[in-house]
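Per TrEMBL, the features are as follows:
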DOMAIN    5-71  domain 'Ig-like'
DOMAIN    94-203  domain 'Ig-like'
DOMAIN    224-294  domain 'Ig-like'
DOMAIN    382-468  domain 'Ig-like'
């Protein structure tokens, strides 16, 4: 009788796209036979081989179906019977997904967890294969080579065939990352010899120690009752941080107001005056950034018992000009001195006589916040003074404008010390008025008129001044 071979497959019965299936045609016969392979119908020969094994690329679901084999020898060829049909069931291979906590952008010393997930029904047990492309082979000492390789096929796996894979757990934990851990991380799931699709690569960037930075909106000098918001940010990162706030180096117990990186004072009160810093943290165990830069806030009271009088009475001044600042106490008490905060230094105003400070020749380093301070440390009437070494300044009220009053702005030139007739005036970066009189008036001022103002002429541009409305 004609012999009948038996056809088997590895893996048996089912396969995932992107892999291969090895068909074996078993015969208890002597050597010298060729083997013939058939797909879908016994009449369509797809391949003949000298050995009884045939590798089939499973590139799509259409590569599944019925397969047969038979053997033959001699001329004319003597064929064995066909084997029984063998079903190869093909399923679309799931794609692995890499997630990273806390973020792809991390900082030296943080704890990082990379996880490989495969969305697949059933209770399939996967082995997780990680491929790490970076500048260091640090992982070679902490992982074992995979003992069984995937039989892969198709373009998705082609670029990974020469990559070095390491069999690890589903989660890859790095307790204290360093620059050597930077690189591209890819994972694949494997069951027996079948592999899932490779995940998209996740690039882990490890930077130096994290730095917090604080800024203020809309501006750091304001009147009691106004609102102000401090914003804390981590340079180059925005994911998963919580924030703590400090005033004059004291931790603020209501830091919960700083959720999301914003700390709002509304309404602002006199006791909120001080120098603010922030710090961020994330992860478990907690990783802390460096403390931020310092940000002073100056809140002046509505009371007019003590006033800081500036002469000339404007917020912007030319370099080399003189300036006089005096604390006037309307309750006839004494002991007030002028202090200032410039370039992060708090100090007494130089050349002070009694409650009056005179600066004979201004320089840009004199730019800062000036206020009156009592012997007991009470702060009153902070004002922002700006010194410009250019040729044009904006002349505006040094004090807040009262609602309903008229706001008058001038554009002043250094050499003439008189208003420039043709000037453009801007608010918050937008042109608001062209003037040929050198003067702009805003009648019946309201809160909506608060903002940063500057002027621009053919001779130059002024610095920005904050105009507040009380």
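Just so you know, glycine gets a Cβ as well, placed from its N, Cα and C.
Bear in mind that the values here come from a model prediction, so they are computed numbers and not experimental data.
Counting residue by residue with DSSP, the domain 'Ig-like' (5-71) contains 3 helix, 40 strand, 24 coil. Residue counts of the domain 'Ig-like' (224-294) by helix, strand and coil are 10 helix, 32 strand, 29 coil (DSSP-based). Counting residue by residue with DSSP, the domain 'Ig-like' (382-468) contains 3 helix, 47 strand, 37 coil.
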